[in-house]
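Engineer: According to TrEMBL, the record shows the following:
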- 1-357: domain 'Aminoacyl-transfer RNA synthetases class-II family profile' (DOMAIN)
- Asp71, Leu72, Thr73, Arg98, Gln114, Asp118, Arg267, Tyr271, Tyr272: L-histidine binding site (BINDING)
Amino acid sequence: QGTRDHAPAQAALRDRLLSAVVSCFKRHGAAAIDTPVLELRETLIGKYGEGTKLIYELQDQGGELLALRYDLTVPFARYLAMNKITNMKRYHIAKVYRRDNPATSRGRYREFYQCDFDIAGQFDPMIPDAECLKIVHEILSDLQLGDFLIKVNDRRILNGVFAVCGVPESKFIPACSTVDKLDKVPWEEVRSEMVGEKGLSAEAADRIGEYVQLHGGLELIERLLQDPKLSQNKLAKEGLGDMKLLFEYLTLFGITGKISFDLSLARGLDYYTGVIFEAVLLQQENEHVEEAVSVGSVAGGGRYDGLVGMFDPKGRKVPCVGVSIGIERIFSILEQRLEASGEKLRTTETQVLVATPQKHLLAARLKLISELWDAGIKAEMLYKKDPKLLKQLQYCEDTGIPLAAIVGEQELADGVVKLRDVATREEVRM
């Protein structure tokens, strides 16, 4: 089916991963916003380019045409328009659904989590966009996934390139989705698809090729601003001006070492209007894994200024920029690394097990564990009236619980608890 169940160790790993992502989103002041799993079919159709054919469509008993959400961005835009919200910073972590061919080894499923962060509102150019890139940088650095690169481009620059190369406007989006394949296939294949399938002239394709194979930083932006053809195109000039500003902000954030201005980046979704970005892992740095896990991009996003207006009866626009963290792909990488290293993962966050060495002391355990819970301490006990002490300590070892709080007859008489470090077997009375 392309969905998955999780063993306790996998669930613990996912939990750890999601906690790291959420704490980053909260650090940047985002509020948690939820939208329904079901949307009207018409809300989703026509927003995803070639992805539209992967939408799960449903027919309601009342005859309404519904669909399962394909991503978290379009429902968010609908939410803003319906509630007349013009300003918001939000995050949303939830499942989305795609009728895709699953490739579980590459973290590709039909039901999977997305982790989105979005900034909606009318602000000065490139400040929110720079923050989104900073968030991607923070998360990928925190998770220690190895070397990564964040590719950045702008739809306006791309459209400007198509225009000066002689591509008719009606073919911008098809040309875009072909260019987007450049990270997977060589330029020759992209060129032949442009000419053979998308109907572009060979000359136009060659001219596009001169631009879309370029990548670099500020110096490339400066060079393109001086380009005799591109500098005459209004869209491209706007895009390059904003890109220059973005790089200035990213320099202040100290992250340009991991950022590449890449003209081949197109991102296949129809709703992007400005800056677009995608993060890729550069290599699998793990000797234990014989073949590197090829997982493609692990985060992506961009600016979508026109989407909210599509849902507003008066067409009022709310500029938005957002990023989605590819949590399933990251999870696949971490899972394989964990398996390769043979490391055991704690499946519980329990800090202490309440234990008794003799019989008939269930009441003492229940009183003590209640006190610990009320004090906010993560505690467990075995669900047996009279468990053997060895069994209780073995449970701590199996699950990785670091401490055992032991109350026996002697401890009760002395009004103390014996706290035992499970690993070192050291004990203190308190």
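Positions of Cβ are set from backbone N, Cα and C atoms, glycine also.
Because TrEMBL annotations are produced automatically, they should be read as predictions rather than curated entries.
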Engineer: Counting every protein chain present, what is the number of Cβ atoms, excluding its own, within 10 Å of the Cβ of Thr73 (L-histidine binding site)?
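Structural biologist: The answer is 26.
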Engineer: Take the domain 'Aminoacyl-transfer RNA synthetases class-II family profile' (1-357) and average the pLDDT across it for me.
Structural biologist: 88
Engineer: Provide the number of Cβ atoms within 10 Å of the Cβ of Gln114 (L-histidine binding site), excluding the reference atom itself.
Structural biologist: 19
Engineer: When you measure from the Cβ of Arg267 (L-histidine binding site), how many other Cβ atoms are you left with inside 10 Å?
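Structural biologist: Taking all protein chains shown, Arg267 (L-histidine binding site) has 23 Cβ neighbours within 10 Å.
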Engineer: Same-chain residues six or more away whose CB lies under 8 A from the CB of Tyr272 (L-histidine binding site)?
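Structural biologist: When sequence neighbours closer than 6 are ignored, Tyr272 (L-histidine binding site) has Arg155, Gly302, Arg303, Tyr304 within Cβ distance under 8 Å.
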